[in-house]
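Taken verbatim from Swiss-Prot:
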type	residues	note
DOMAIN	1-126	domain 'C-type lysozyme'
DISULFID	Cys6-Cys126	disulfide bond
DISULFID	Cys30-Cys117	disulfide bond
CARBOHYD	Asn47	N-linked glycosylation site
DISULFID	Cys63-Cys82	disulfide bond
DISULFID	Cys78-Cys96	disulfide bond
BINDING	Lys84, Asp87, Asp89, Asp92, Asp93	Ca(2+) binding site
Amino acid sequence: RIFQICELSRVLKENGLGGFHGVSLEEWLCVIFHESGYDSQALNYYNGSSSHGLFQINQPYWCDDXDSESTEPSVNACQIPCSKLLDDDILDDIECAKKIVKEPKGITAWEAWQPFCNSDLDQWKC
């Protein structure tokens, strides 16, 4: 499912992501746009790992992909199958993103943040 920006903004806000760990809704909307194009089914492969869903949450560290050919054991820090990050229910994705942003790298764990989302965020307001 591809979300519309203001619909996604409302869902993120209702589930406590706006301002969570100092990250604004606009920053999240910008990051999610650049990571997945607001597509809850986005799946990308890079360097032997895979990234899943709206937030492009990475396997093997954050989720477990039982079908993966990765030789690295899964840490599964979010305690979730990667397939659950590819459905239209994004509440589990949001909870995992909260765990990620609380890590030392914070929002910079998402590579899109630095080049695209750390300055003028007016276009991401709803």
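Just so you know, glycine gets a Cβ as well, placed from its N, Cα and C.
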### Task
List which of the recorded positions Cys63, Asp87, Asp92, Asp93, Cys126 have their Cα within 10 Å of the Cα of Cys78 (disulfide bond), in sequence order.
Cys63, Asp92, Asp93
### Neighbour-count leader, CB within 10 A, binding-site residues: Asp87, Asp92, Asp93
Asp93
## Note on the structure
What remains of the recorded positions Cys6, Cys30, Asn47, Cys117, Cys126 once a 10 Å Cα-Cα cut-off to Asp93 (Ca(2+) binding site) is applied is none
#### Entry: Env. residues of Ca(2+) site, Cβ within 8 Å of mean position of Lys84, Asp87, Asp89, Asp92, Asp93 Cβ
Ser40, Gly53, Ile80, Leu85, Leu86, Asp88, Ile90, Leu91
#### Entry: Cα within 10 Å of Cys63 (disulfide bond) - qualifying recorded positions among Lys84, Asp89, Asp92, Cys96
Lys84, Cys96
### Query
For Cys82 (disulfide bond) and Asp92 (Ca(2+) binding site), what Cα-Cα distance in Å is obtained after rounding to a whole number?
11
### Query
Which residues does Cys117 (disulfide bond) neighbour through Cβ under 8 Å, counting only same-chain ones at least six apart?
Glu27, Cys30, Val31, His34, Ile107, Trp124
### Task
Could you check the disulfide-bonded residues Cys63, Cys78, Cys82, Cys96, Cys126 and say which one's CB has the fewest neighbouring CB atoms inside 10 Å?
Cys126
### Cys6, Cys30 as disulfide-bonded residues, winner by CB count within 10 A
Cys30
### Task
For the domain 'C-type lysozyme' (1-126), give the DSSP counts of helix residues, strand residues and coil residues.
52 helix, 15 strand, 59 coil
### Message
At a 10 Å cut-off from the C-beta of Asn47 (N-linked glycosylation site), count the other C-beta atoms across all protein chains.
### Response
5
### Nearest-integer angstrom distance between the alpha carbons (Cα) of Asp92 (Ca(2+) binding site) and the residue listed as 'N-linked glycosylation site'
25
### Query
In whole Å, how far is Lys84 (Ca(2+) binding site) from Cys6 (disulfide bond) when you measure between their Cα atoms?
23
